[in-house]
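Q: Got a structure for you, written out below as structure tokens; questions coming shortly.
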Amino acid sequence: MVVKIEVFTSPTCPYCPMAIEVVDEAKKEFGDKIDVEKIDIMVDREKAIDYGLMAVPAIAINGVVRFVGAPGREELFEAISDEIE
């Protein structure tokens, strides 16, 4: 099963580049086991509202918000590994 990762960001968010960087590292590590979608909440506000997000960056894994704020590499990799298993 492919794990779906959604990263919610905004252009003015100072922490969003860190979240994107760690997700990009995860994509390199896990390859085709994960599908990454980067969502700019200024463009796709509805999806953020559907998740009830009040802050960015936020990361949803398989439809569940798992992180608000930029997670550490180990935290994110562990959460992804849990979903793959």
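Glycine is treated like the rest: Cβ placed from N, Cα and C.
Copying in the features that Swiss-Prot gives for the protein in this structure:
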- C13-C16: disulfide bond (DISULFID)
- 2-85: domain 'Glutaredoxin' (DOMAIN)
Q: Treating G and I as helix alongside H, and B as strand alongside E, what does DSSP give for the domain 'Glutaredoxin' (2-85) in helix, strand and coil?
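A: Counting residues per DSSP class in the domain 'Glutaredoxin' (2-85), I get 37 helix, 23 strand, 24 coil.
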Q: What are the non-local neighbours of C13 (disulfide bond), defined as same-chain residues 6+ apart in sequence with CB under 8 A from its CB?
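A: Within the chain, C13 (disulfide bond) has Cβ neighbours under 8 Å at V56, P57.
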Q: Within the domain 'Glutaredoxin' (2-85) only, compute the mean pLDDT.
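A: On average, pLDDT over the domain 'Glutaredoxin' (2-85) sits at 96.
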